[in-house]
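Peer 1: One structure, pasted below without further comment.
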Amino acid sequence: MSDSITIFDTTLRDGEQAPGASMTVPEKVHIAHKLADLNVDVIEAGFPISSPAQTEAVTRIATEVDGPVTCALARTKEDDIDAAGEALADGTDTRLHTFIATSDVHIEAKFDKLGNTMAEKREAIIQRAVRAIEQALTYTDNVEFSAEDAGRTDPEFLCEVVQAAAEAGATTINIPDTTGYCAPSEYTDLLETVVDCLPDPDAVTLSTHCHDDLGLATANTLAGIRAGARQVECTINGIGERAGNAALEEIVMALTVRADAFDVTADVHTEHLTPTSQTVSAATGFPVQPNKAIVGSNAFSHEAGIHQHGVLEERTTYEIMSATDVGQDAEQIRLGRHSGRHGLFNRLEAMGYAVPEGHRDALYDRFLDLADRKKEVFEEDLEQMMNDFGGDAVAAATGLPDNGVALNGGTPAYRLDQFSVHLSSDDEAKVSVRLQRDDGSAREEQATGEGPVDALYRALDHAVDAPHTLVDYSIRSISEGADAQGEVEVTIRYGENQFAGTARNTDVIRASAEAYVDALNRLVAAQEHAESVEFVQNGIMHTYGE
C-alpha cells in the first residue's frame, strides 16, 4: 500500500455549497491557482450539468491551471456524465467523479421509480453506477465513484456497490460520511470492511469524504487514513454544506507534525496554507475564526504570562509547529504612510501578488490612501486591498477577480456612487443614497431609520429592484489600532437562497453600505444566470430528477 496521500480539494464544489458562499468564475480560477501553488493533487472544480457558470469554471480551470488534476462532478445520469466530460474535454489531466446515494434513508426518499422493493431499488442503483462509470471512461481513464451517505449505508450492500464499481473500472472509490454521523472507530471499521471486500484493494484508491456535523470530520479523515484510505477529500477552512467539511489545513498539518503516528506523507507546500485560507475567506465572505487551528489569527498567539515567558525562552514549550511553516508571520510586518514602493511590493510579492509594473502606480496610490486613514497597514488590509483592486490587466496578471465582478465575471448591477448621513438629537438618522446602475442610469433615494445603518439599508432597499430579506448583519475589527478597518458582513435571502456580501473600510458606515451592495449584486447575478443546482441539508448534492 502506498504511503502517499492524495489531497483532493473540493472547496470550489462542496465548499461552495455553504449558504452564501457562491463564488464568481474569476474568483474560482484565482483560488484554483492558489490551490496549485499549495500543490494539492486534485481540484474538484464544479458540477457542470447544474449551470453554464459551473461548466465555465470547470473548463477554465482544466485548461488554465497547471499541476493538479481537474475533476468534475456528475450524477449517474447520461446527461450529467456528458456535461462533465465535455467541460473537461480540453484539459490535459482530468477526472470525472460520479455518485449515487446508497443508504436506505436516501433510497426510500429519492428512488421511487427504481423499483417496488428495497431489493429491486438496490439492484437498480448498482446497475446505474456501473453504466455511469463505463460512460465516464469514454471521456477519461481517471474515474471516481462515490457511494453517497456511505456512513449510514448497510455494510453488505455497500460492499456490493463498491465491488461492482471497481469491476466497472472506477480508479477511486470514495466512502463519504455525508451527514457527519460516524464516530472515528465506526468509520475505521467501515473502511476496513470495504478494503476487505474489494477484489483487488491495490487496484483502486480508497477515499474519505467527511462532514463536520458532530465536529469529527478531521478525526474521521485521519481514522480513514489509518484504515487504508489514500485519498482525502477536504476544503480550505473546512467550508461546506451545513457544518462544513474536513479542513485541508488541519489534515495536512496533522500528517506533517505527527508523521510518526500516521507514517504517510502529503506533498503539500504548507507555507501557502494561510495565504490560501485568506484568499478563500475574502472570496466567500466567510471570516476565519481567530482560534481556527493552523490558519486562525490566534493560532500562534500567547497571552498568558507563563506561556509568553516559555515561548520567548523556547518556542517549542507551547508550539508544536512553526508559524512560518504554515504561512503565518512570526512577527507581523507593519506598513504605513512612510513605507516606500519597494517595501509595499516586496510584501505583496511575499503574499503571492506579482503586480505588473504598469499598474503599480495606481495600486500604490490606493495603498497611500489607505495608509492616510490608518497609522499602520497590516497584511489583512493588504489582502482586502488586492481583493478590491480593479482592472482587467491586473486581474489577468495576478489571477485576482476584477473589482465588483458579479457571477460569471459580468458587470455588477449596482455601484455605490455616494451617500450622506444626518443624525438628529433623538437618534433618528436620515440617509440619502445614490446608486449607479450597470446601464448607466442612476437612482437616488432617501430614508429615515433608527440609526445610520438602519436608515442606509432602508434607502438602498428603495433604490434597487431586487426583492430580498435581510438575514444577518455583523461587524468586526480586522486589523489593529484605534483606526482599524471594520469588516462588515451582510447576508440577504431571496426565496430559498442566501447571498453574502462583505466590505472593509475604516469608515464602518461606508463598509456597511458597500457590503449590502455586494450582497445585492450577487443576488442579481444569480437571478440572471439562474443556477439549477439544488442543495439539500443531508447530501453531497441533491439527486433531483431521478
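Just so you know, glycine gets a Cβ as well, placed from its N, Cα and C.
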Peer 1: Which one of ASN142, ASN237, ASN245 goes with ASP14, HIS209, HIS211 at the Mn(2+) site, as Swiss-Prot has it?
Peer 2: ASN245
Peer 1: What is the Cβ neighbour count of ASP14 (Mn(2+) binding site) at a 10 Å cut-off, with all protein chains included?
Peer 2: 25
Peer 1: Ten-angstrom check, please: count other Cβ atoms within 10 Å of the Cβ of HIS209 (Mn(2+) binding site), all chains counted.
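Peer 2: Result for HIS209 (Mn(2+) binding site): 29 other Cβ atoms within 10 Å.
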Peer 1: Taking the Cβ of HIS211 (Mn(2+) binding site) as the centre, how many other Cβ atoms fall within a 10 Å radius?
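Peer 2: So the Cβ neighbour count for HIS211 (Mn(2+) binding site) comes to 28.
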